[in-house]
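Copied over from TrEMBL:
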| type | residues | note |
| --- | --- | --- |
| TRANSMEM | 20-39 | transmembrane segment |
| DOMAIN | 34-382 | domain 'Cation/H+ exchanger transmembrane' |
| TRANSMEM | 46-63 | transmembrane segment |
| TRANSMEM | 83-100 | transmembrane segment |
| TRANSMEM | 112-134 | transmembrane segment |
| TRANSMEM | 146-168 | transmembrane segment |
| TRANSMEM | 180-203 | transmembrane segment |
| TRANSMEM | 209-230 | transmembrane segment |
| TRANSMEM | 250-269 | transmembrane segment |
| TRANSMEM | 275-294 | transmembrane segment |
| TRANSMEM | 301-322 | transmembrane segment |
| TRANSMEM | 328-353 | transmembrane segment |
Amino acid sequence: MITTNGIWEGDNPLDYSLPLFILQLTLVVAATRIFVFLLKPFRQPRVIAEILGGVMLGPSVLGKNKTFANAVFPLRSVMVIETMANVGLLYFLFLVGVEMDITILRSVGKKAVTAAIAGMILPFILGGACTVLLNKQNNSEMNQGTYILFIGVALSVTAFPVLARILAELKLINTDLGRLALSSALINDVCAWILLALAIAMAENETSSFASLWVLLSGAAFVAFCVYAVRPAASWIVKKTPEGESFSEFYISLILAGVMVSGFITDAIGTHSVFGAFVFGLAIPNGPLGVTLVEKLEDFVSGLLLPLFFAISGLKTNIGLVQGSHTWTIIIVVIFLACIGKIVGTLAVAIFYQMPIREGATLGLLMNTKGLVEMIVLNVGKD
């Protein structure tokens with residue numbers, strides 16, 4: 001049963017899917033907003049508040065109480081909340097793609113490209129070396145190449161959406177340093193998505209190299225379809241709509257349905273559904289259509305559905321399991337290597353291009369921005 005007959009009939013609302021999901025969603029949003037308020041003086045991005053809200057509801061804090069965990073987040077409800085969380089994630093990544101101006105890749109200089117590559121390769125190598133040692137210590141039977149690829153991507157990627165918001169809040173987005181950081185992060189993100197698609201293909205098709213090849217070729221074909229079919233169609237919609245008038249509800253609904261279809265296609269071919277939504281968003285041209293889509297979706301997706309994704313991550317996270325100095329040492333070393341790799345890589349670029357050392361160090365710190373993409377990589381890897 002989905003809905004209850006009412007407490008007056010003796011029913012417990014938490015035994016039914018819909019009222020239970022409503023309560024879960026309410027708690028997730030409330031926990032997120034509490035942390036947003038608490039972290040506001042520290043100027044932390046909202047993604048941090050969402051992660052902390054999820055952890056608070058999980059087994060690390062409130063979930064320690066078995067009565068609370070079994071009543072509010074029982075195992076039978078996981079599929080419902082995970083499904084809604086992934087729907088929210090699909091549309092959020094679509095919006096990230098819509099807001100991302102890939103045309104700046106044509107105009108950025110060699111400095112941004114070099115900074116992006118240097119800031120990705122060094123932490124990738126350091127993280128990969130660290131995971132090889134961990135794999136040997138744990139005698140893990142998982143494919144070592146896939147393991148290195150997942151961890152390497154998670155440690156080396158820069159969160160473009162989070163960095164863009166931070167630069168905007170600090171009013172640095174139109175400075176030379178801000179433009180360099182944003183351009184480098186965009187290139188970094190594009191590389192990360194390519195590597196993530198490769199890692200997923202390898203992880204899901206370890207028994208057949210031909211299957212992995214077909215996954216990559218199918219993914220490339222989907223990208224080509226978005227570039228040569230979806231983008232011209234979206235441009236046609238913009239041209240067909242008179243300037244100053246709102247876009248037809250039919251066109252908006254068609255695009256929103258296209259997000260789901262794109263997610264279905266990329267999931268079916270062997271990459272993650274979020275890859276399809278992201279590429280579909282990139283195919284939407286910048287301008288009034290993109291602005292309209294963001295205005296219609298952003299508050300609902302970011303404020304209501306996306307926090308569910310972090311709640312799921314929090315429910316899967318039990319900080320209490322991290323015990324002993326050895327485990328904490330490994331965590332600290334991995335974080336340190338990832339951060340120092342970014343800083344050293346970008347500092348080397350700064351020295352090569354005769355930039356001030358302080359500016360190079362600042363760029364390295366900005367490139368250490370983490371956020372949603374890392375959470376996606378780690379969740380996909382965990383699954």
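Backbone N, Cα and C define each Cβ position, glycine as well.
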If one takes Cβ-Cβ under 8 Å and requires six or more residues beyond its ends, the residues near the transmembrane segment (328-353) are 111, 114-115, 118-127, 130, 134, 155-156, 158, 184, 322, 359-361, 363-365, 367-368
Based on Cβ pairs under 8 Å, which of the stretches 46-63, 83-100, 209-230, 275-294 lies most in contact with the transmembrane segment (250-269)? 275-294
Are there residues at least 6 beyond the ends of the transmembrane segment (112-134) whose Cβ is under 8 Å from a Cβ of it, and what are they? 140, 144, 147-148, 151-158, 180, 183-188, 191-192, 330, 333-334, 337-342, 344-346, 348-349, 352-353, 363-364, 367
Residue numbers, six or more beyond the limits of the transmembrane segment (83-100), whose CB comes under 8 Å of its CB atoms: 21, 25, 160-161, 164, 186, 189, 256, 259-260, 263, 273-274, 277-284, 290, 293-294, 297-298, 301-302, 304-306, 308-309, 311-312, 372, 376
Most Cβ pairs under 8 Å with the transmembrane segment (20-39), selected from 146-168, 275-294, 301-322: 301-322
Assess whether the transmembrane segment (301-322) lies in contact with the transmembrane segment (46-63), where contact requires at least three Cβ pairs under 8 Å among residues 6 or more apart in sequence. yes
